[in-house]
Amino acid sequence: MDETENNTSIDSVEVGPSSPRVVATPRIPIPVMMRETPLSTKRERQALTPRFRRPAPRMIKTVPQTRSIWSVRKDTTPQLVTPHGPQELESPHYDRANTQTFFEQVFQIDEIIGRGSFGEVFAARCREDSRLYAVKVSIAPMRQHSMSKYREAESHMIIPPHKNLVKFYRAWEETDRLYIQTELCEQSLQQYCSVQHALPENEIWNIFVDLLEAVHHLHSNDMIHDDIKPENIFLTKHKICKLGDFGLVINLKNPNDVKSAEEGDSKYLAPEVLNGKPTFASDIFSLGVTILEAATDLDVPSNGDAWHQIRNGQIPERFFVGISSDLRVLIEQMINKEPMKRPTSDALRKHLSIRTRLDSRRRYILSMDMRDGFCNLMSSILVWCMAFLSVVFHPVTRFHEAINNRRSELCAQFVNNQQHTPIQTPETSKVYSESLTGVALRQASQISPFDFSDDENPPHSQRRLFTGPVSRRLNFDDEMEDEEQATCSSSNSSAIETAEDSLSSPKKPVIPVTRQGTPKSARRLIPSYRNRSGSRDPTHHAGAGDSMNSSILDQERTDRYLRMRLAEQQLDWNDHSNMIDEAPPPMSCPPRIRRSLRDMPRMPVLNFNLLDEPIKKGKEKPVVEPAELRQRPMRNGLKSLRSRMASFQGSSGDEN
């Protein structure tokens, strides 16, 4: 035997017995781009092709359609498509004066779920019932006299409803475009298979039974789908298959549909359709290829030798690994090249493997429909109950809300009326100002001339409550002092009227202090305490240089001082009776300690300059003991009331 007989990698050339031996050359390899791609699965094809593939650009007409100036302008009013002709479309959410279309006004677009040669499919929520629908919108404007103008909409309306067909709601025309509103499913079979790849056989049987029921329903009504493929098969949330997209449906009762029949997708097209017209057997062939793709994850070719290989039944055995013999036999019968040898939909339903699963599948679909209906009913009842309760309890909730709002206003008003207590005047309190003036706090906040800041001494521009400064100083002896000192202003203005002013001018009405937190040094004497300890003659005059007048002035000073002491005692008594046990502000001296420190003598002022002076011999002064300092009497001489009282205005005992 020649060595080259079994060599498949070189060309064998037959030569005669007398001819010389010809050297065989290796066969020229065929480029990869020109090789015929064998049958493969989708996973294998994805491994050979790049992950990202740019989609083909859409055809867009950049030049607008030219119209004659004499052409009649078309009406843009939406027209409802019905079997008896177009009718006017109405909706409570549609406004004719609005420039938006009926679809944009009545529906709220969520996303685009599909694109095709006919148009785009949107997932939109209807504002009339707040439910999601699938709305298919044609891309190109429809021709006025086209025979297939309402073909898909009419097919939906002619076909009786079925549980395995996509439910149709309505269709309308607007601005030469057709809108079809149908049921919204969860995903298509193509999307489901691209994620799951080879499906379990139990799911394959369920898909097979559902699609067979849909095809049988169409064939029993003399309808041919002519476009059965995974892209037009939809799955619900309960994994129930439904057949949709009736754009190429052929009604055998309508001669126009038979004449204008179009071919579907070439991947799932029966071979006899290339030379003829679609039939019931062509739908069975498309259904068989669809089940084959779902069961084996086969990458179905659209043309070439692989396309004919499937039509001839030359499918490798490796694709049927793990598939039962019953399912394989049914698939091979359905994709038979001869249309007469293919089983009909009625014959497939009578098959033993399908008949046993048909009843269980019907019960499952019925139970899911009952479950969805019960859920919708309960949700409707719940909504009505909530509406009823809201109507019943709405007045109660409004009343309760009004009470809470009023309570909040009162609390906020009380908090806002709480005056800030200055740090330097801890003796004042909320009740103190009312006891001093007898006026409510709310009214006091409007007419008080003080700014109640942390500083006890207000600015000079705001001290308008008292009279002008005195022209003379009132001097008292040390023996006239008492525990309680008369108050006066901490500034240059004084609260004590001079003798000359009091005798020469009539008494002016005293303006009461009506602000909470008034410092003790700014108190105004109440008129009721003026004449408590004695009265004086308003006609009496004091001379400037007369000795008799000086004695009278001394007596008048003494009487006035006694009256001031009585007024201070009365005010302190009111403070004690209306005292509220409040925590003293931080960095301030408690009132009890201040009162106890008033009786103690003042601390001596240390003069450190004496230490720097040289001490002369013979003139050394004895050092004064601390005990003597504590027992040293206060300085004699005249001292004004303002300077004496200013020493007790500090908040701590060590102030000078």
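Quick reminder: no glycine exception, Cβ is built from N, Cα and C everywhere.
Swiss-Prot assigns the feature region 'Disordered' to residues 1-24, out of the candidate ranges 1-24, 337-360, 553-576. Within the group of binding-site residues (Ile113, Val121), the Cβ with the highest number of other Cβ atoms inside 10 Å belongs to Val121.
Around the Cβ of Gly119 (ATP binding site), the number of neighbouring Cβ atoms within 10 Å comes to 19. Among the binding-site residues Ile113, Arg115, Gly119, Val121, Asp245, the ones whose Cα sits within 10 Å of the Cα of Asp227 (active site, proton acceptor) are Asp245. For Val121 (ATP binding site) paired with Asp245 (Mg(2+) binding site), the C-alpha to C-alpha distance reads 11 Å. In the three-state DSSP assignment, the secondary structure recorded for Asp245 (Mg(2+) binding site) is coil. Between the CA atoms of Asn232 (Mg(2+) binding site) and Arg115 (ATP binding site) there is a gap of 12 Å. Comparing Asp245 (Mg(2+) binding site) with Gly119 (ATP binding site), their Cα atoms are 11 Å apart once rounded.
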